[in-house]
């Protein structure tokens, strides 16, 4: 929004400099982007009157003039402008004047004729106005007046970058209100009196879309002189706000737009058939706009039409056919309130961006239409003449916005601002902003004015109080946070430690959505009904996840489709389990999951490339488990296809339950081939998922004495049924080993010649040692015999020769 400082000071004139004013505006939240002078730097230019104008005797394109600038003698000036003529009021640079670019005016002769000055154009004075020839001033311009003073050129254009919520400041009226509040200064509005009708002509108005157009005003003005010249003062105000003068009717509607903040439009009355109808467009309806382009309208677009055709896109752009031209004699002035929701986005859909649409999208004061209509009528009659008809108004009270009523708590105000502002000051600030304020038990209740659509919640009021009070006036305070040592529980296993371990083992952490596709989830977690979202982002994100495996598998597919054959991922996140006894009927459980696919290692010329298998992931998971528990605390139990706990998403012969302290807390296994096909996985994929609560604590290590005596190793080979887990045999050895057995390790499994069918041979290394003495053969033999006997009794094992 660009505005002229001098125009603003006509409304409110605080005793501050330009720099102070722009700083105030910026600190109030209306950021000033730029401040530019409205004209170049020049001196010695006066208002003059061309008393005589004749042809130069020796040059066809030059004229010899005598100009009165209020001095005793007329000035002889030679001018080459085609519009120079007798009786014209002009801007005269006298001898000694300095124009922009340090151009000095001196006495001269042009083709033998003396020239003691120069008749100036806008461009020569650094004024950004498109013109052809010298300036033509109003007849009432006082001869001899300093031109800078006459046109008020000691002025600046201020460019303010308004945020989307401050539509009320898209006008001189709104900015004056703001500056008045900041400086406790009175705002002087121009006198606008109702224009008395002199004729009774009316146009019928029908609003078929009252929700989109709650108020529509129309007024006929006949016998308008559209050939009249827009006054220079109005042209200058428009120019300084970045709007080019077009014709007096358009200039007046633009002037009211800038001054009052109310967009208006003028129709050629002769081109309206039957009356005005405000309706939604018909799909595909065509309208030629004022810029000559043709718009194909959508059914959600509000239009102003007559009984046969669309005349304009409401609040956005007028139509060419009904626009005012040089032939227009009678006009219909339109002034309406269009609901922001029915204008927002429509301009962009047609590739348009107008001053009107920008204001209507953000919200126009819905109490402004009557006074804006009278202001436009007043200016139109003053400049173009005409006969005025009564205003025809159609209004839907029920569809007009209602003022927002917002409660403000004293405690909340102090808490957010971090500073106590006196009650009287709070009330004064809000009332100066136009709000109606009443006291309440907890603070106040304020009703927003009609021009403030953005005041809707308590924080909005707090912001208003803070910015008007002045953020600079709120003293700085050091944070009052108390520093204390947090109790570190050594037994807690930090998630970061697990993350670091997995990353060190070649994994990448993934974060997948908690919302999943429900039908796909049934393939991974059958038999459990998830929580279904009532308003999902999309159909494939309509259910809360029951586990992390589904998201990880989809991530593997995503990577494989992008030429990433080797994938190692892990994720920590919540699963959402329906539970009637839980809060909100849902239990949220933190889980840790991982997946591997592709080759075991990166491609290397000296290393054989092998595909990952179950034991690769099992080894990585064991490394995680060893962070939290001793070896006896966890185990893996194979799940047969017949087991009730078998997971149908996993391969029946390559999956296991994860047991911690005797409780099943997770699962590990190869993805079922059928599930691989349905997900679109490329090759073998192994996954695990475990409850984080089961592994987030660890066994605190205890320091033990190291034996100074030698250790002894004895190897045994036992034959057992193939169904017996080797881990169970090792654990049985440790159970029976007594004080001398320090370790038992499986180092070989053999099936084949010399071993009965259905059996397998397990070779186990037993390490024995004493803290007190060197073990004798009898000690070692006794321990080994006890272990063999225990294994034989428990598993039917036989010692292999």
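Using the three backbone atoms N, Cα and C, a Cβ is placed for every residue, glycine included.
Features reported for this protein in Swiss-Prot:
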DOMAIN    39-148  domain 'tRNA-binding'
DOMAIN    401-476  domain 'B5'
BINDING   454, 460, 463, 464  Mg(2+) binding site
DOMAIN    707-800  domain 'FDX-ACB'
### Task
Sort out the sequence-distant neighbours of residue 454 (Mg(2+) binding site) for me: same chain, 6+ apart, CB within less than 8 Å of its CB, listed by position.
165, 166, 167, 168, 363, 460
### Task
Starting from the Cβ of residue 464 (Mg(2+) binding site), draw a 10 Å sphere and report how many other Cβ atoms land inside it.
24
### Query
For the Mg(2+) site given as 454, 460, 463, 464, which other residues of the same chain have their Cβ within 8 Å of the site's Cβ centre?
165, 452, 455, 459, 461, 462
#### Entry: Those residues of the chain, 6+ apart, with a Cβ under 8 Å from that of residue 463 (Mg(2+) binding site)
29
## Note on the structure
residue 454 (Mg(2+) binding site) falls, by DSSP collapsed to helix, strand or coil, into coil
### Message
Give me the count of other Cβ atoms within 10 A of the Cβ belonging to residue 460 (Mg(2+) binding site).
### Response
18
### Query
Along the domain 'FDX-ACB' (707-800), what average pLDDT does this model show?
92
### Query
According to DSSP, how is the domain 'B5' (401-476) divided among helix, strand and coil residues?
33 helix, 14 strand, 29 coil
### Query
DSSP helix, strand and coil counts for the domain 'tRNA-binding' (39-148)?
5 helix, 48 strand, 57 coil
